[in-house]
Every structure is written in structure tokens, then in C-alpha cells.
């Protein structure tokens, strides 16, 4: 019943076409009894569909959406034994007559948005050859997803694909193949893209496996190499010049605080603006650490380091050890020396008093008392010597600490700028060599 219903619809459609326009006798003969709802070789195995592509243009390549938009001419060829006719010339039909024929249900797998051009009429071509071969061509503009690895952006190379599959016919009904292998795709050699260059490309044949079965699949692979010259002029050169500009402060006197602070803050803010502008054309929630982010981070670190360098140099110049520190050391020495002398005099006074008292006691006491007094006098002298040794040791420790702090200080704060004039450029050149070698050759 279903087939009868479809046949009746086909007859009605044919009648409508005939009412609107008179078909040539050859086409009328071909369409007589033709059922577009049945594929060719319905009972004799799958029908082979050959495909070829002509890439007219690749309009946009978006890193934010990770897709590309291309306009292609898709050509499909298959043989329908029901369309054989006598003669040696092919028949070119109006594209609107495609509604009367069976055509493959080909679709683009990763397409986000596609449309068929219809100005001034639908851009479709139907050509039938005497042996029943049908050529069906379409002009399509499609936006296709392309998973991109932006780790080496903007020195990256992306591999994108264009996949063609059959929607409803599995491999038992339809088989896809490229008509001329890799030569089935043309037009890439003449493309001129704004930021990319089309590299190697190749075709492959595979099968798409789904829950509903195995379906024929054709894949076109092509490489896109990004042109880095634009990014060198737009990002790398300005950021490098900002780093060089931050080094100008090393030749300005440390007493010119406004000038050096102005250069440091201006370069930091300009570098921040440059970093935000470079990330505007990239995904905001991208987990990749891109090569351009690494370079901008290096430049920002050098610029910020130049600003910190002046802060350190200025701090050291304010706390530079001069005559006041030497005066402090002399005061400490005199203070501790006076303290030691005072302690020694006190000890001598104590000894003198004890000796005088002992002499008076000698006149009243016997010989044994005199010997005991001499022993106590010896103990007091020993205690005085020990006290004097402790004071000298404490003074030595304090002096050692003061000298250690003076060794940690920079002899001349102006040497900081002198060292920075050499260390900053050499370090920046070394880091640049490592950066470019790694991202260009690894």
C-alpha cells in the first residue's frame, strides 16, 4: 500500500509537471513508470555513488567557534539502469526536474549551518548520460566544525575535515567512493586566505558506525598553516619594543623619581592593554596556554621587573651606609668600652675596699685570719676577671652582627642600574631564543 501510494504521488507530480511545461519525448519515455522512491539496483546490491569536490572559497576560520565556512561545488555520480536511452549525447536537464529523480541522501556530518544557493535559481545541475549515469551537482555554503589545538597559537597548524555520509542508506544499499582519489578535490591550490595557507590535503574512505547500522563515509582532510607575519607586526614587535622602552629608565638618574615611575607605570599599562587585545579574538574559556600568552607573559614580567628594579635601587639609596652608620659603630664601641671601663673601676674599688678592711682586720686577728682573708681576696679577683671576659664576649657578638649587616648591604646603589643595563637585555635575548626554538621546531 505504501509503494502504491508513493507511485500515485509520483504520477500526480508528473502530471503537474506536464501541465506546466511540455517534456521532450525522450524525457517522457524515461519518466514513464519511473519511481523516485526506489533506489537503483533495488534488488541487485548497493548502488555506487562517486563524489568529487571543488572548493570555491574558504570564507572565515573562527578560533572562537572552532569552525570554518566554505563554499563548495559537490558533484555526485551514480548509474540508474532505469534512465538508459539511445543516443550518444548527454541530456542536461533543468535543476527543478531533480524532484522527479532518485538522488542520494548525502549530508555533511559536522555542519553547523548550510544552505543551497538559489540566486537566480537553485544552483543545481542534472545531467543524464545514455548509459544511465546521472551527474548531480550542487553549490553549497556550509559552516563546519573543526576541533583546533591552539597550544602553539599563532604558530599552529590545524587539520580540518569535511565528512560526507549517507543519512538513511547503509552500506548494504549505497557505497560512496572518490571518483579520482586525492584529485577528486580541486580548487585549494588557488585559494588565498587572510591568515592561513592551505597545506597538504588528502581523501579517505571509511564507515560511520551508529546504533542503526554501518553507513558509507567519505572524509576530506586538509591542513591550515597560520601566517605568523601578521602577529609579528601586530603583537610580537610592539610587546618587544615596550620591553626595550622599560629599559630606558636604567639610564635615568635615580633622583628623577617622576620620570622613572612614569616610564614604568606607562609600559605596564600599555602591555596590559596589548594582552587584552591579543586575547579578544580567542575563546574566553579556553583551557589552552597559547604560545602568544607565554610571550606576552614574558614581556610583562620583564617590564614589571624593570619597575621593581627601580623600587629596590631607590630603597637602597635611601638606606645606603654612610658616615652616620660609622658614627653609630663608634658610638657602640665607645658605649661598650665605657661600660667595660666602668665595670673594671667598680671591681677595682670593691677590691680596694676589701683590701683596706682586711688590713684593719689583720691588726686584730691572728695569722690564721690573715691567711683566710688572702684566700677571699684571690676569689674576688677571679670573679672580676670572669665578669670582664663576659662583657668583652658580648661586645664581640654585637660587633660581628653589625659587620654582617653591613656586608649584606650594597656598596653603591648606582651599581644596580649598571648591572641591570646588561642583565635585562641579555636575559631577554636568551629567553627569546628558547621561546622561538621551542615553538618553531618542537
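Any Cβ shown, glycine's included, is placed from N, Cα and C.
Just so you know, TrEMBL annotations are computer predictions that nobody has curated.
For the ranges 178-202, 203-227, 228-252, the feature annotated in TrEMBL as transmembrane segment maps to 228-252. Range with TrEMBL annotation transmembrane segment, chosen from 123-141, 142-160, 294-312, 313-331, is 294-312. Averaged across the domain 'Neurotransmitter-gated ion-channel ligand-binding' (27-227), pLDDT for the predicted model comes to 92. A Cβ distance under 8 Å defines the sequence-distant neighbours of the transmembrane segment (422-441), meaning residues of its chain 6+ beyond its ends; these are 152, 155, 243, 247, 250, 291, 294-295, 298, 302, 305-306, 309. With a threshold of 8 Å between CB atoms, the same-chain residues lying at least 6 positions outside the transmembrane segment (228-252) that come near it are 154-155, 195, 259-260, 263-264, 267, 270-271, 274, 278, 292, 295-296, 299, 302-303, 306-307, 309-310, 417, 420-421, 424-425, 428.
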